[in-house]
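Asker: Below are the structure tokens for one structure; questions will follow.
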Amino acid sequence: MKLAGLKSIEDAHDESVWAVTWVPATDSRPALLLTGSLDETVRLWQPDELVNRGKMTGHCLGVASVAAHPSGYIAASASLDSFVRVFDVDSNSTIASLEAPPSEVWQLRFNPQGNMLAAAGGGSASVKVWDTSTWNLVATLSIPRPEGTKPADKSSSKKFVLSVAWSPDGRRIACGSMDGTVSVFDTDRGKFLHHLEGHCMPVRSLVFSPAEPRLLFTGSDDQHVHMYDAEGKTQVGSMSGHNGWVLSVDASTDGAAIATGSSDRTVKLWDIGMKAAVQTMSNHNDQVWGVAFRPGGMPGRLASVSDDKSISLYDYS
Amino acid sequence: MPESEKQEKECELRRLEESIQDHPDDPSLRFELGVLLWEECGEKEKAAEQFVVAAKLNPGIEKGGAFRYLGLYYAGLDSQSHSQRALKCLQKAASLNPDDSIAGEALCDLLDQQGKESLEVAVCREASQNSPRAFWAFQRLGYLQLHQNKCSEAVHSLQHAIRGYPTSPILWEALGLAYQRLGRFTAALKSYGRAIELEGTRIFALIESGNIYLMLGSFKKGVETFQQALEFSPKSVSAHYGLSSGLLGLAKECINLGAFKWGASVLEEASKVAWMSTHLAGNMSSIWKLHGDILLTYAKCYPWMEVDRGLEFDAEAFNNSILSWKHTCCVAAKTARCSYQRALHLAPWQANAYSDIAVTSDFIYSLDKSSGHDSSSWQPSEKMALGALLLEGDNSEFWVGLGCLSNHNALKQHALIRGLQLNVSLAVAWAFLGKLYRKQGEKQFARQAFDYARSIDPSLALPWAGMSADFHSRESAADEAYESCLRAVQILPLAEFQTGLAKLALLSGHLSSSQVFGAIRQAMQRAPHYPECHNLNGLVSEAQSNYQSAAVSYRLARCAIINLSSSDTKSHMKDITVNLARALCKAGNTLDALQECEYLKKEGFLDVEASQIYAFSLWQLGQTDLALTVARNLAESVSTMEQASAAAAVILFSRFQYYISGLDSTINNILQMPKQRFRSSKFSLIVSAIHALDQRNQLKSVGFSIHNNLKTPEEITEMFFLLALGTLVKHGSEYRLGYRRGIDHLRKSLHMYPNSSLLRNLLGYLLLSSEEWNNTHMASRCCGLGTDPFKGGFKLSYEILGAGAVACYAVGNSNPKFSYPTCTYQCLNEPGAIQQLQKCLRQEPWNQNVRYLLVLNLVQKAREERFPRHLCIILRRLIIVALSDEFYHKPGMSIRYQKFQLLLCASEICLHDGYLIDCINHAKDASMIMLPDAYLFFAHLLLCRAYASEGDAVNLQREYIRCLELRTDCHIGWLCLKFMESRYGLETGLDTLELSFKEFTKEQKNSSNMWMALFNLVQGLMSIWSKDTYSAEGFLSQACSLAGAESTLLLCHGATCMELSRQGDASQFLSLAARSLTKAQEVSLIPLPIVSALLAQVGGSLGSKEKWEKNLRLEWPTWPPETRPAELFFQMHLLARQSKASSDTTNIELWQSPLRWILQAIHTNPSCMRYWKALQKLVE
């Protein structure tokens, strides 16, 4: 397996690019790339030439996260003030504005079935779930307090939830926290299942393997990428090689590889079988905040976005 | 290794091996061999064998040296069992010799590797307890204790270790860290300093000492330290961070002083450094936060700089400059917000990042209202403030932040009270609560809240400002409010406070204070888009009499108000335009002022003040009728105005009427006015002034009501002043004011108000102007120079003093070297006047009046002292300086007159110095000046003198005729002319001359006799020149009878009579002479010389030896020693010879023998034969 650079756009945004996701292809168009940036805009790009397909405004602070509905028609973006804007990808019309108390929306993810939108609840130490038909908040999955702390204890004991991921079957949600723990919830029952331990610093990104529903990849500030058996509550692998925080992790459709972006300004491709990095891309010259594999079939595409305001597109084979 | 050494070693080895074979049980030999093998040959295994044997034989050999080597050996072998063995060996070695640093260190390293920290501590502690010289143990212990955060123990250990290794920078560094952790910062700084001294590149010590400096608030030193660190470690993140935060601290200090530009430039540097550090460590949220802090501070302090516009005004440039200023601020703030967002994105669990973004968003919103998002009911700033609270709900400061940033009053109040619940002594919260209450109109609560805030933290600016803004509701005076606002401004130079201060200064009359000036200038830098800021700046400039720039400021204010889309702009616009018109008017730019007034009129804004300005500018531009109409309209609408402006309107109208329509119509108008108008003291004074000018006394009826309206002593003295002037006018003739009555009147007034310098100076002035004989001295005396000679009235006391001193005709010089003082009024203050004038000139070197008076006084002095060289030089220089001044190019009668006088002085000095051409030129220049003939007369008189001394008879005659044509009312001029006439035998116009002289003399009552006497004196002198002694005697006796007791005239008369008696008619004239001379002797101020000598002669001639002797003795002391004439000595010789018989030794002549006297006489004048003969006779 290997990556080959296809296209890179310098100054794709006016400021650092913080979030990236693929909008799946629809009948009328191919899959598009959606990026969110500190310049308060969300932009759409068409591969492989990365043609700018539109600029969406409506946030008054930097966009920290973007998510695309599996149908490919709807996307959501969240800014630092926890304002979530759900919009139609093609017309850019606002479908819904979801407001949460500031600091309580971080990473956004639609479930693979498309009827739920989950958000890492930041300071609320929970994962918020919205129904995508009514856009009502349907669940708040809270991480239980550690034993021995009283409810009266304020924020200090709370876990700040940074990241969230759906299992491919949509039955599990995993979320990563600032203290390095990963919590797993049962979505059907809305219940907390268990913690996955092993990281000692914030877990900024996690993703389930598309091929193996139990397998969870996590990237953390402690420079490691861990593999967990999310059901079995065990760590099944640890990969290191980054020289800085691992800011973003994504798994390829076939589940054979993962890509990571790091604050050491590199993008690494990891072979799951070998549990080792097979390739390091260092075309960015600032920290890489997001990596995203294109869902669906061949040819594989990987996009990465960085603080240096650029977007890069790679061929994955 | 050289061959020989190798051989030597091998020899040694062999020798040892041999001796061991001989003595296999000698441990020391085995040890020696071991060491040799270990150190020199590197055969450690063989060596170890020897050490084992040696240790077995004698465990204590070389203080455990064998165990040390063994331990090192085993430690070198890398395996579990060996390391155990190594541990044991080294422990043994260390216990045997605690000072053994190699064994100790090795042991500790080994334990460290195995993670046995407590064991390590125990080993070190034991060693340190066993031997005070086990420095390695102290060092190790110190490090370990520091690591375990037992700082006070670490300090002891490290200090002990430093005794052993005083030059170890690491130890010093560790000691510094221990002190720092204990909070003993100065000690820490010293230790770090020592470390840096020992090794200049100790980055840790540099950075930590920099951090301590920053913490202690000495940012300058901190910045230097970090810069030093960056020099050899340019990639150090901590150094970058420290440097930029140090610069930020420095900039904040500058900004708190109000030095925005300075602060901004420091911040620019800081942001560069911070930006660099974000490249080095882009994923540290604190760096981004610092970068945000720096840029936000920059946005908040970046000053608006005035466009370099001179006094021109350019609206477009102004608007552009404001736009670009706003843009710069906005860009900086937005960049700051981006940096804060990065910080938040990196560490979203940190609550303060939210509040930072909140504050910045609020600031951006305040700068740039257009970018606000109205779509959501929550402003981003409010939302982010809530975000901080969600994370840390128990932080009272976040509650205060929410309270400040929220737009909902209820929420504000709730948040602030919540903050106070968490921390009741939070002064900021109280202050903002007070502000909130004030806005809601709850003054009582507001005051309480501010009071709490102020008592908790008096160094907080807001409560002070709040207290000052509140002053309407309380009884406290505007002064108190001003003081309190000044305090706020001094604590925090915020534009809002500063404009408030200027407003309060306007109300309390502090507008011209320099603090207000500085404050409003600073406010302009930070709030150039507020029209009130420019308006107040204009008012401040106006208060400092800088009308040009005031006008420019008002224009800027008007420009700013146009940009401001507010509801209440109309009335503000009116106020500013009125201000502008007034400033323009004051600056002398009447045309523009008129334009502004007409604009106001068109808009219907012409209020009382504007109308006044309108009328005034119309009048200035010569449109008198219109001006009068405006003023009349204004005066007619008086009933609707408040009192002060009503009075002003009436005054303006009356003055215009006087200037435009004349006295009579003004008086008629005043007579028709209702009585209550006179209640205004200023108007009363105007009425009195008009009354004073009126010779027909038509306003007498209103006079009494005026008197009752004046309250303060100043006003009353002013009234008396006007009354005195009125007396002058009313009792004067067409050409001459009634000085006598005026003086009498003033004397009475001065009796009531003896301290009024106004009245005193006027009296002095009148005394001088009356030109009466002796009044000049009274003038100088009545206006004594106080502490400040430049105060009071329209004639200043120094002017009167200076003029009075030159006005006296008599010789005032008391130095007998030159002359004898003849002034009966003891005019001894003349040198005093010169000194006073010099003092004045030193105080105000630019004051041409003082310079002029000084020149005149000096010329007077020069005349009296017969034009000494040094004085002439000084005078010529002074006159040149004075004449070259611009002052004398201005128009104006008095200035021309001064120039004329200066030229005459220059001319006279030149005449005496012998520069005749210069003299004539100056005099000719003087004669060209446009002045009344009576003054020009003197220029021609001087020309006469110059031509006379040149011997140019033609010109002399011409100038003489010119003088006669011009005529003067100054007697001395006529006398001089008369003198010239007879001296140079000019064509006589004697009749006209004499007639004119008598004509002018008649007008003055007191001194006319004196002048006639002088005229007679001159005639008498001329008769003497023409050898007509008889008629001379006639003139002189007439002079004596006219002048009364004037000793010099009497002397002249006496001498003439003596001459006549010598010529013949002895008896008759002798008695006349005796009478005159005796009288002269009696009345003279100080004994005049010659008088007594002549009297002695008279006595002698009448045969009275006694009288002769007495008078001759009286003569002696009248002469100063250096001027005694030969004849005096001769006479004394005669006296000495006569009185030889009587042996009264008290007499002067008996001081020395007659021979001595005659010799002295001959010595003084050797050319007189009489003395020689007398000598001959004496010798015989």
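Just so it is clear, glycine is given a Cβ too, placed from its N, Cα and C backbone atoms.
Quick caveat, the model's predicted, so the values are computed rather than measured.
Per TrEMBL, the features are:
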type	residues	note
REPEAT	A:10-46	repeat 'WD'
REPEAT	A:56-97	repeat 'WD'
REPEAT	A:98-140	repeat 'WD'
REPEAT	A:154-195	repeat 'WD'
REPEAT	A:196-238	repeat 'WD'
REPEAT	A:239-280	repeat 'WD'
REPEAT	A:281-317	repeat 'WD'
Asker: Which one of these stretches, A:10-46, A:154-195, A:196-238, A:239-280, A:281-317, has the most C-beta pairs shorter than 8 Å to the repeat 'WD' (A:98-140)?
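Answerer: That would be A:154-195.
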Asker: Please check if the repeat 'WD' (A:281-317) comes into contact with the repeat 'WD' (A:56-97), where contact means 3 or more CB pairs closer than 8 Å and the residues in each pair are separated by 6 or more positions.
Answerer: no
Asker: Could you tell me the mean pLDDT the prediction assigns to the repeat 'WD' (A:196-238)?
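Answerer: Mean pLDDT for the repeat 'WD' (A:196-238): 91.
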Asker: Helix, strand, coil residue numbers for the repeat 'WD' (A:239-280) per DSSP?
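Answerer: So the counts come to 0 helix, 24 strand, 18 coil.
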Asker: Please list the DSSP helix, strand and coil residue counts for the repeat 'WD' (A:154-195).
Answerer: 3 helix, 22 strand, 17 coil
